[in-house]
Amino acid sequence: MAAIELIDLKKNYGPVSAVKGINLTVADGEMIVLVGPSGCGKSTLLRMIAGLEAISSGHLRIAGSDVGHVDPADRNIAMVFQNYALYPHMTVRQNLEYGLKNRRVARGEIERRIANAASILEIGEFLERRPRQLSGGQRQRVAMGRAIVRDPAAFLFDEPLSNLDAKLRVQMRVEIRRLQRQLKTTSLYVTHDQLEAMTLADRLVVMNGGRIEQIGTPIEVYRRPETVFVAGFIGSPPMNLIDLDQLGPCQLALPRDTDVIGIRPSAINLGSGSAHDLRFDAFVELIETVGDENNVHLRIDGADKRVVASISTNQPLQEGDRISCHVGMDGLHPFNRATGRRTD
């Protein structure tokens, strides 16, 4: 196990800057999840750490050693890919032992590591099968097993669950988190799926346009997004972002330079509320039922602005209703549009 340090790490493709000066420290044994939309630079950054992409400038340290120009095989890290990357003509056992044989690990040690990985991942009964005889989830377990037997300083996960169906993704997500906590191996995990990110991470790193927007625990990032981008990206349904001038005259005690407020759908309540609340009337345009809640799509009365509210299915609402809504001051997130940042 080892800490990973990224110091002003940059990646350029000719005149295009894909990764723009990343500074990040992953503590020994920590699980960091890089999350962001397609093209934000998260996978490029992971490949730079793995050694699959050259670093344009900056420093990469693993366990205190600068490895930015060290061959990938010598960085003592293991990577788990989206497409499993298993050899189809080999059995599971042969896939697990292949890298160890190439590094001339002793036969007894190879057997010990394979037995340990098979026990942890519950794949012992599959050791003599070939990948085509396994389900998607079983293949992903084998891919993780191949990483475990290397006994690396760190794991790198590149969207490993993207090829699985929804039910299996949930199951494998739990298994990856359990495995990481059991092994206490420093881990970096890349995903565009915010639910995956929120449930797996010790800390989230939200990326956008090759830069870090915010670093924090999942609950910190959710409860206090530092930028307009993070506010609109983290959360499902996403946070409603409303320009103050779309609300008309209102008496709210907001920080100076606030011209945008963010409101979580769960913070919108039915009824007129109190004089200190943000209050508005709205028309119900669409109701989406998702379990115990409805995602209610509203058009604010007198404004060309639509918002989404998460309302209990016990509330008798119908499309076409005109309703009164309120949001307490603790449910308002103040931002400045020009800077893109919080004002409080």
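Just so you know, the numbers here start at 1 and follow the chain as drawn.
For all residues, glycine too, the Cβ spot is worked out from N, Cα and C.
What Swiss-Prot lists as ATP binding site is Gly36, Pro37, Ser38, Gly39, Cys40, Gly41, Lys42, Ser43. Swiss-Prot lists 4-234 with the feature domain 'ABC transporter'.
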Which of the listed binding-site residues (Gly39, Cys40, Lys42) has the least company, meaning the fewest other Cβ atoms within 10 Å of its Cβ? Gly39
Residues flanking the ATP site, with Cβ no more than 8 Å from the Cβ centroid of Gly36, Pro37, Ser38, Gly39, Cys40, Gly41, Lys42, Ser43 and excluding those residues themselves: Thr44, His192, Met207, Asn208
What are the sequence-distant neighbours of Gly36 (ATP binding site), meaning same chain, six or more residues apart, C-beta distance under 8 angstroms? Lys42, His192, Val206, Met207, Asn208, Glu213, Phe233
Same-chain residues at least 6 apart in sequence whose Cβ lies under 8 Å from Pro37 (ATP binding site): His192, Asn208, Phe233
Binding-site residues compared (Ser38, Ser43) - highest count of Cβ atoms within 10 Å: Ser43
Mean pLDDT across the domain 'ABC transporter' (4-234) comes out at 94
Secondary-structure category, per DSSP, in which Cys40 (ATP binding site) falls: coil
